[in-house]
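Engineer: Structure in structure tokens, see below.
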Amino acid sequence: MSDNPQEYELDWDVEKRLKLNDAGLVPAIVQADGTNEVLMMAWMDTHALAYTLATRRGTYFSRSRNEYWIKGLTSGNVQEVTGLALDCDGDTVLLTVKQTGGACHTGAHTCFDNDVLL
């Protein structure tokens, strides 16, 4: 099994239900297994999604760095994917994960606990 997400192809039955944006990406919402707390939002392309399905490791595409990002590979804050679903329109992916360490790139538990508006 390769550690390069670009070498993974998404099953056609899944890919044909997926609605990617003009950049070839789909938003991915990540929830904590057991609590359903929203941990983060990231972007995936078909290779990141295929790699995630094959390895059960949260894998995303960084728009700012223009590269794949396997969550925890450098930080140790690994995501073990326990569930993955498409929404009714196929334009959003929902991942359920067992999170080790912080989910946010800042090291925080969630990306949504620092700037609460209501």
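Glycine too: its Cβ is placed from the backbone N, Cα and C atoms.
Since we're looking at a predicted model, the values are computed, not measured.
Pasting the relevant annotations from Swiss-Prot:
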BINDING   Asp87, Asp89, Asp91  Mg(2+) binding site
BINDING   Cys88, Cys104, Cys111  Zn(2+) binding site
Engineer: Within 8 Å of the Cβ centre of Asp87, Asp89, Asp91, which other residues of the chain have their Cβ, at the recorded Mg(2+) site?
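Structural biologist: Residues close to the Mg(2+) site, other than Asp87, Asp89, Asp91: Lys19, Leu86, Cys88, Gly90, Thr92.
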Engineer: Run through the Cβ atoms and count how many others sit within 10 Å of the one on Cys104 (Zn(2+) binding site).
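Structural biologist: I get 16 for this one.
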Engineer: Just the number: how many Å between the Cα atoms of Asp91 (Mg(2+) binding site) and Cys104 (Zn(2+) binding site)?
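Structural biologist: Checking the Cα atoms of Asp91 (Mg(2+) binding site) and Cys104 (Zn(2+) binding site) gives a distance of 23 Å.
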Engineer: Within 10 angstroms of the C-beta of Asp87 (Mg(2+) binding site), what count of other C-beta atoms is obtained when all protein chains are considered?
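Structural biologist: For Asp87 (Mg(2+) binding site), the 10 Å Cβ neighbour count is 13.
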Engineer: When you measure from the Cβ of Cys111 (Zn(2+) binding site), how many other Cβ atoms are you left with inside 10 Å?
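Structural biologist: Its Cβ shell of radius 10 Å holds 18 other Cβ atoms.
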